[in-house]
Each structure stands twice: as structure tokens, then as C-alpha cells.
Amino acid sequence: MKRILITNDDGFESLGLRALIEALRDIAQLTIVVPANEKSACGHSLTLTKPLRFVEIEDNFYKLEDGTPTDCVYLALSSLYPDGEKPDIIVSGINRGANMGEDITYSGTVAGAMEGAIYDIPSIAISQVCNSNCEETEMEVGYEQAKYVARDLVEKIFQQGWPAGHRRCLNVNVPPTKEFKGYKITRAGYRVYFNQAHLHRNPRGIEYWWLGLHPLDWIPGKERDCDFEAVKEGFVSITPIKADLTAYEEIPKLKSWL
């Protein structure tokens with residue numbers, strides 16, 4: 001039987017995780033290793049300054065105390081699989097909220113898949129895009145389309161093989177609709193950012209900050225092939241990504257500059 005390693009960044013109690021387990025539980029042997037607490041926007045961070053501890057919730061379902069999604073995949077591959085063995089696929093998600101454009105560099109969900117890609121394991125990050133409010137999206141839309149997409153893509157990989165190259169993963173974003181309109185293969189778009197740091201003071205006058213979430217806005221391109229545009233049009237966006245961040249097009253200019 002095929003084996004799937006599941007992780008996320010929303011924690012072990014998230015609705016998206018439960019939906020993903022329901023979607024995949026009868027087509028593969030699942031091992032679930034997720035953070036004990038929400039780790040949204042933790043990026044590809046690996047814990048090096050304190051010990052980590054598995055807590056088994058159910059058979060093959062673990063939460064990792066103080067762990068990140070990267071920790072979860074790293075430790076699962078190190079300790080839960082016999083020597084030389086690997087899962088057939090790693091699936092990270094289903095994330096509550098979008099992971100598009102440059103936001104993928106912040107995303108713990110994407111990092112979980114990227115950690116798998118580093119080990120050359122087929123890996124997918126799946127995110128449920130929200131309307132203006134994620135709680136309302138969960139209530140009104142739910143995760144039914146995301147469940148369908150997760151299962152469909154995993155079955156395609158099992159039947160047809162991995163469609164991307166070595167050390168690549170797929171970043172999948174599902175629009176906030178109930179009906180499946182289809183897939184679009186996309187590039188990562190360019191996000192619009194602005195400062196959302198809010199200063200507060202506690203009753204003792206000590207200052208502290210909350211970092212706010214940016215509204216989902218992007219820079220329109222000449223070609224309508226980015227993840228933002230696909231999701232806006234109601235399609236599931238699939239973006240192939242890799243850990244290699246080299247800007248190859250800049251190398252000749254830098255050589256001449258020196």
C-alpha cells in the first residue's frame with residue numbers, strides 16, 4: 001500500500017487537517033505529524049535551540065510539541081520510517097487561507113512540502129483560499145473542493161507518476177467556491193505589501209506590537225497566468241516551485257558589473 005506523510009502549519013486540531021485525512025485515508029497508509037500549535041508564517045524554520053517531543057494522539061497521528069512543519073517532516077523522515085524508506089508522497093495542508101505570490105516564503109504549509117522536495121520526495125502544499133473572512137469561508141464553503149483536489153492530485157501521482165522534476169514541489173491554491181471549475185498551471189504572482197504593524201500599550205504602559213494580515217492584493221501582469229488570477233477566476237492554481245532561489249537571469253549582468 002502507498003504511504004503518505006501529512007503535515008500542516010495550522011496545528012493538530014485544524015478543520016483543514018481533518019478534511020485532508022478524510023480525503024486520503026482510504027487510498028494510502030497515512031502518517032500524520034503536525035505542530036502542536038498553530039505555526040502560520042513560520043517559514044522554513046528548523047528548531048535548533050531546544051528539544052522536540054512527539055506526542056501520539058492516535059495510531060500514526062502525532063503532534064510535535066513546539067515544532068514547525070519543517071521539524072515535523074524532518075523528524076518523521078528520521079524516526080518514523082525504517083532505514084532507507086520514504087513516504088511515496090508528502091502532503092502539507094489543507095491550509096486555512098491562501099499561499100500565493102511571495103507569501104510562499106512565509107508559509108509553514110509550503111515549507112512542509114519544500115522540506116520533502118529537498119529529500120526528492122513528491123510533495124504538495126494545499127491551501128484553501130478564503131473570502132474576506134476565513135471563519136465565514138469555513139462555514140459557507142467548507143473544504144469539500146479542497147478534499148476533492150487533494151485526492152485527485154494524489155491519485156494522479158500514484159497512477160501517472162510525479163509530473164515535476166527533482167527537488168520540486170507543487171503549491172496548490174483552491175478558490176473559495178463549492179464547485180470544481182478545473183486546474184490552471186500558474187507562476188507565482190507579485191503580492192502587494194504595506195505596513196500592518198500595530199502598536200499597543202498594556203495597563204502598565206509597556207509597548208507591544210501586533211503584526212496584521214495584509215488584504216489579498218497583487219500586481220496585475222500582462223499575462224493572466226499567475227496564481228492570483230487563476231483563483232480569482234475560480235480555478236485551482238497549481239504552481240511548481242523549488243528551493244533554489246538563484247536569480248539566474250541576473251548572473252551575466254553581475255559578472256559584467258564586476
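Placed from the backbone N, Cα and C atoms, the Cβ positions cover glycine too.
Given the structure is predicted, the values throughout are model-derived calculations rather than measurements.
Features of the protein shown, as given by Swiss-Prot:
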| type | residues | note |
| --- | --- | --- |
| BINDING | ASP9, ASP10, SER40, ASN95 | divalent metal cation binding site |
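If you count neighbouring Cβ atoms within 10 Å for each of the binding-site residues ASP9, ASP10, the highest count belongs to ASP9.
With a cut-off of 8 Å between CB atoms and residues at least 6 apart in sequence, the same chain places ASP9, ASP10, GLY97, SER107, GLY108 near SER40 (divalent metal cation binding site), listed in sequence order. Long-range Cβ contacts of ASN95 (divalent metal cation binding site) within its own chain (separation 6+, distance under 8 Å): ASN8, ASP9, ASP10, GLY16, SER107, THR109, ALA125, ILE126, SER127, GLN128. Listed in chain order, the extra residues whose Cβ falls within 8 Å of the Cβ center of the divalent metal cation site residues ASP9, ASP10, SER40, ASN95 are ASN8, GLY11, SER14, GLY16, GLU38, LYS39, PRO69, ARG96, GLY97, SER107, GLY108, THR109.
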